[in-house]
Amino acid sequence: MEILVYDQFDAASDKAFDFFVQALATGPKTFGLATGSTPEALYQRLVESDLDFSQSVSVNLDEYYGLSSDHPKSYHYFMNQHLFQHKPFKHSYLPDGDQTDSDYEIKRYNQVLADNPIDLQILGIGSNGHIGFNEPGAPFDGLTQLVDLTPSTIEANKRFFDRVEDVPTQAYSMGIASIMSAKKIILMAYGEKKADAIYGLVEGPVTPDLPASILQRHPDVTLLLDKAAAAKLHL
Ligand code: GLP
């Protein structure tokens with residue numbers, strides 16, 4: 001695992017941007033994308049660049065259950081605002097938060113993932129070590145699931161909503177096995193709130209209690225961190 005620590009998280013976003021440039025240098029690619037505040041500056045750099053995604057595919061990690069793509073708090077809406085409306089891809093796939101037939105949606109999204117193997121996956125991390133919405137206890141061999149969000153995740157994500165009651169309690173998420181099948185993974189994190197999760201990811205045991213710890217077993221992972229997120233590492 002490559003671990004790069006920067007004084008300023010802006011430099012981590014620059015480095016993540018470089019990985020996109022490199023990936024596109026050899027032709028269109030399939031990109032696994034994440035939401036949250038962590039990749040926002042990366043997406044801003046992509047938007048401001050002259051990179052062309054019109055022949056590339058994007059596949060997102062997750063979506064809140066019950067929110068349609070045009071709901072301002074949905075991840076689909078977030079991706080449109082931050083990236084897709086400025087930089088259209090050939091196809092952009094996300095789970096459909098409006099689909100109440102979860103068996104159907106899970107099957108559909110697993111087929112999307114099977115048809116579009118991910119070249120470069122961007123990840124953030126929850127302060128409890130979740131990746132996508134794979135909460136502690138999620139199986140390492142899991143594919144797409146309808147997940148119950150933990151109280152700590154609901155608490156952490158309430159800042160995006162007017163009231164904590166408005167935060168959906170479930171989400172569709174790509175499973176850990178699908179994330180692990182990406183050729184390359186970049187996990188980004190900043191701030192002291194992420195320091196324990198980053199410590200567990202890098203130096204802790206590989207355990208479903210801290211889902212991101214499975215990344216120790218992936219052959220090509222780069223962590224892009226600021227000093228605060230890396231503070232507990234023995235580098
Ligand atoms: C959410 C998302 C994750 C994201 C995490 C961290 O729960 N499902 O994909 O990595 O939060 O978010 P942030 O980057 O805002 O800290």
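Just so you know, glycine gets a Cβ as well, placed from its N, Cα and C.
Here's what TrEMBL has on this protein:
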type     : residues : note
ACT_SITE : Asp62    : active site, proton acceptor
ACT_SITE : Asn128   : active site, for ring-opening step
ACT_SITE : His130   : active site, proton acceptor
ACT_SITE : Glu135   : active site, for ring-opening step
DOMAIN   : 26-218   : domain 'Glucosamine/galactosamine-6-phosphate isomerase'
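Structure with TrEMBL features highlighted.
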| residue | record | contacts (Cβ under 8 Å, 6+ apart) |
| --- | --- | --- |
| Asp62 | active site, proton acceptor | Thr35, Tyr75, Pro95, Gly132, Phe133, Ala171, Tyr172, Ser173, Met174 |
| Asn128 | active site, for ring-opening step | Glu135, Pro136, Thr150, Ser152, Thr153, Ala197, Leu210 |
| His130 | active site, proton acceptor | Pro136, Ala138, Thr150, Thr153, Pro211, Ala212 |
Taking ligand 1 as the reference and 6 angstroms as the Cβ limit (strictly under), which active-site residues among Asp62, Asn128, Glu135 are close?
Asp62
Protein Cβ atoms within 10 Å of Glu135 (active site, for ring-opening step), excluding its own:
22
Helix, strand or coil at Asp62 (active site, proton acceptor), per DSSP?
strand
